[in-house]
Amino acid sequence: MVIPKTRDEHQTRSSFAGRSSIQQNRSNTSLSHQPEGSQHHNSDVNISPANTEFYCEPQEYAETDFLLPNKLYGQVKTNISGRTKDVDCSAAPAESICSMVLQILGSFLLAGLGTVSAGMLLDVVQNWDVFLEITEIFILVPAVSGLKGNLEMTLASRLSTAVNTVTIGSTREKWMLIVGNLALKQLQATVMGLLASLMAALLGWMAEGKMPFNHIVLLCSTSVFTAFVASLFQGIMMVAVIIGSKRIGINPDNVATPLAAGFGDLITLALLACCGQWFYSLTELYPYVLYLIDLLLLCLIPLWVAIASQHPGSHILLQTGWEPIITAMIISSIGGVILDMSVSDPNMAGIIVYAPIINGVGGNLVSIQSSRISTHLHRNFSQGGVPEERRSCCNPCYAFFGSGANQRSAKILLLLIIPGQLIFLNTIHLIKGGHTWPSPLLTVAFLSASLIQVFSLLCIADCMVHCLWRRHKDPDSYSIPYLTALGDLLGTALLSLAFLMLWCVGDSGSV
């Protein structure tokens, strides 16, 4: 039996190599702790099952750690035949295909209705004064809406992994976890809202050759205020959804991220349109209000930094969590430029209704897969450890072909595209009065674009999540921002191409 390490022994890390070092450490009834991220063990050490050694040891905080502090849980490691395998102390039961389909389908349809509502809303507000006078606000639509993938869906994925792999400790630790990460999210929302508005102004200036200063101020105020309020509301909602779903026996990985995406689109677009119109009405009479709003929200940044620093997980992300969300915002802004150019063309004006749907559905589905793969890696492999077939460059076929739960979920998600999008297409036309229906060519073009988008995203997600984990980066924090941003870019580009082809063949899109 192995004697647990004392505090002094744990603080003194020593490297060892070869069989003699291992035998010497065993003779002292203590194991030396390997450097973080190492998972290679001497293959010529044979340990019989009867002498299997169990120990629970804490680790220093790292970017790939779970969201909860390690002191709240133990990670059991078994040394069998010279290999180390992580055994989750609170492993979840196997998930049946039926329960997986029902959970994914319910959240998918509910989130899809949210994206349909967002598309209908965008179709209405595109004729408001602020959208007609300041067309650069269309560039903000994918960028600000994409914050749900950068912030809300990332938080949902991390919390889902946390509740699926560890047991939450005391009430105090639970509230430290929640408050720390909500404060981090508010900080990121404020900064990213400001950067998104500046990016929109820059891209608008590059496209048109001019950008009035009052337009820049309005874009900044609208973007920062929208991102701040939407992030606060959705963050609280995500915490409630994840805790509630876990208590009633639903896998949060299947429901949290699509709900964050679906309702995030609707809430963000509603706030963006209303705040933009309101600020536009104040531009002439009370322009100082816009400056005060920006100043107030920016002055809250030190407060969010202080609160987020109190929790180890959020403290790490204060330093390492900016790369994915900034990159994703730039990618989404490029998609916004494509949307702005498409809306400006009278022959492609109808694209505005369908853009949130194809982007939202693609982001919903790929976020489920990314969250599930990340939870699987957290539960079954040590930091940097991946299955044998994933040690080299990932084959996209692995995403769909295999008997694992993640391959089954990928097939289910892809099969949901055609029936789901047909429901959403007909819902749009029913809400518009049911006088016209999508033409066969429009239906085929839309479904084809959606299938290509989701198939590509699922392949990219499978490869990206394993590559990030192999490089000791937390997929929960990195993958979803990239994937949802790529979904926005791919969806907008494919949809624009589909509408361009319809225009070339003279199809009006409805019958």
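Using N, Cα and C of the backbone, Cβ positions are placed for all residues, glycine too.
Here is what TrEMBL says about this protein:
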{"type": "COMPBIAS", "residues": "1-12", "note": "compositional bias 'Basic and acidic residues'"}
{"type": "COMPBIAS", "residues": "13-37", "note": "compositional bias 'Polar residues'"}
{"type": "DOMAIN", "residues": "141-274", "note": "domain 'SLC41A/MgtE integral membrane'"}
{"type": "DOMAIN", "residues": "356-497", "note": "domain 'SLC41A/MgtE integral membrane'"}
{"type": "REGION", "residues": "1-44", "note": "region 'Disordered'"}
{"type": "TRANSMEM", "residues": "187-207", "note": "transmembrane segment"}
{"type": "TRANSMEM", "residues": "213-243", "note": "transmembrane segment"}
{"type": "TRANSMEM", "residues": "255-279", "note": "transmembrane segment"}
{"type": "TRANSMEM", "residues": "285-308", "note": "transmembrane segment"}
{"type": "TRANSMEM", "residues": "320-339", "note": "transmembrane segment"}
{"type": "TRANSMEM", "residues": "351-368", "note": "transmembrane segment"}
{"type": "TRANSMEM", "residues": "412-431", "note": "transmembrane segment"}
{"type": "TRANSMEM", "residues": "443-468", "note": "transmembrane segment"}
{"type": "TRANSMEM", "residues": "480-503", "note": "transmembrane segment"}
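Most Cβ pairs under 8 Å to the transmembrane segment (255-279), among the stretches 213-243, 285-308, 320-339, 412-431, belong to 213-243. Taken residue by residue, the domain 'SLC41A/MgtE integral membrane' (141-274) breaks down under DSSP into 120 helix, 0 strand, 14 coil. Sequence-distant neighbours of the transmembrane segment (320-339) (same chain, 6+ residues past either end, Cβ-Cβ under 8 Å): 63, 138-143, 145-147, 149-151, 154, 184, 188, 192, 195-196, 199-200, 203, 207, 351-352, 355, 359, 477-478, 481-482, 484-486, 488-489, 491-493, 496. The DSSP breakdown of the domain 'SLC41A/MgtE integral membrane' (356-497) into helical (H, G, I), extended (E, B) and coil residues amounts to 112 helix, 1 strand, 29 coil.
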